């Protein structure tokens, strides 16, 4: 390949040299399963069904689909395509596209670090329940255990309670197992208490598994996802079939889907739909960019994104049948309304569903199936997020981390650091810390601001038309033109509207919606939020201050796109360049990379 740049610059590039052993997916299936494992997680099982029934049943799909096509799919495609196009993680990707927005990469990885630290605590709880399921009787099925109190009340299998149903301070055995056996929770936010060593061992086990899933990069991740991304579907199918055969299942499903059109006039319904899209699609945290960066240049990322989005939403919908059929059975057995037993989040996974399982024949079997599904759903999201973080760091310092075992050692350092921080959340007061992480570190407002910044960067700085043409160059045909208008107009407007509404409706965190945190708790929470969000404006100010030239020159995108296509050969070329960087990146469809030294780029052309 001969590169002729203007009059004075001419370079010969040895196209047979590979200077970066970055790695790629061995097949498209690995990419599909890795992304599916990341986006299809616990939120599909314990959040979407609850939001659906709470917000008008079947009519909730109207705002959900609106947000899916206005924000979900466009942002999903944007992030995946940018990763594939640049072959870079979430930090260096934005550095190549537009250095002004490089703070997006740093901010998103701060969010990933926080979420990796606290999300894995759920796996520790699930491991504890899984191991407890291997017993003659489920330990949360009766009040005959050492941790039960005199107020413990067992539920009859024929409905109602044993003459104590109106006891003021009555508590169920499953709730006491959760609060007194698993957590042994303290009575105050100010009391951390002692370490729960059983949970600490479960947490250690979860981190060991995650480390070995990621330690060889995509070589190991791509193989692990064949099991971790598919087995939860087998478990979900088993639980769905079992749930549909239980008495009361039809009532539960009716409660899940019964439409209430009046709810569409409630702005909170639309807010819930929007935040669910951002949470369940792993948008704006850099994971999709990292996973897409290991694709081959001519991979059809557009088709992949559409299929993955449909798979994700379809899984959420089907999971609702599996969950509410069992909740309907539990309400039938207890003789109460389903609204009395329906919960979301950890309350569903560790209280409501275990209580329902305890009422079934072969309860140990169904408990094992359920918690295996929870573990694998969470494990996928955890180690893929960890892979995203490692990709971002490795790409920033590739010459250092791609030598010897440095990457593995640094990954070990991150895992150990996260484990040590996580020990705070497996103390007796750890649930208070966990809720601070959950509420503030990956908040909806943070994701909305990142989505808005991404849309502005691509739509108005880099250029929606340019990214659209980049995608055309990669996949060989033109995607839906509406995508360009979503990136430039629709997505930013929707994000602004949702963000303003979330500010108006914002309320500080209360533990169990009752107890307020002390001042230091809110200070820590806002640190989680601002330490990631402020990365964007701080980096913008930094770039403007250190970059020479006029304000317009300082804020210009950092890449120039060139494409030349032929009917018989798709060797389209792409050049990335910005002032001050000596090594622009040449991306080729036949999977090799070349680097050359360029100080100034003007009037250039590529000749083959």
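Placement of Cβ uses the backbone N, Cα and C atoms for every residue, glycine included.
Note: TrEMBL annotation is automatic and uncurated.
Annotated by TrEMBL as transmembrane segment, the relevant range among 277-294, 547-564, 565-582, 583-600 is 277-294. Range with TrEMBL annotation transmembrane segment, chosen from 111-131, 132-152, 153-173, is 111-131. Here TrEMBL gives transmembrane segment for one range in the set 85-103, 446-464: that range is 446-464. As annotated in TrEMBL, transmembrane segment covers the listed stretch 485-504 rather than the other ranges in 465-484, 485-504.
Residue ranges 11-28, 29-46 are listed, and TrEMBL annotates 29-46 among them as transmembrane segment. Rounded to the nearest whole angstrom, the C-alpha distance between residue 280 (Na(+) 1 binding site) and residue 143 (disulfide bond) is 37. Under 8 Å from some Cβ of the transmembrane segment (277-294) lie the Cβ atoms of residues 22-25, 31, 34-35, 38-39, 41, 43-44, 47-48, 64, 67-68, 71-72, 75-76, 79-84, 86-91, 93, 105, 108-109, 111-112, 115, 218, 301, 309, 312, 316, 381, 384-385, 387-388, 391-392, 395, 442, 444, 447-448, 450-451, 454, all in the same chain and six or more residues away from its ends. Comparing the recorded positions 143, 152, 377 by how many other C-beta atoms lie within 10 angstroms of each C-beta, the top residue is 377. Just going by CB pairs under 8 A, the stretch in 29-46, 58-77, 111-131, 409-434, 524-545 that sits most against the transmembrane segment (446-464) is 524-545. Same-chain residues that are not part of 37, 280, 312, 377, 380, 381 yet have a Cβ within 8 Å of the Cβ center of the Na(+) 1 site turn out to be 36, 38, 39, 40, 41, 42, 43, 44, 229, 282.
When each of the listed stretches 29-46, 111-131, 409-434, 485-504, 524-545 is scored by C-beta pairs under 8 angstroms to the transmembrane segment (58-77), 485-504 comes out highest. Residue 152 (disulfide bond) sits 40 Å from residue 312 (Na(+) 1 binding site), counting Cα to Cα. Sequence-distant residue pairs (6 or more apart) of the transmembrane segment (409-434) and the transmembrane segment (29-46) include fewer than 3 whose Cβ atoms are under 8 Å, leaving the two stretches without contact.
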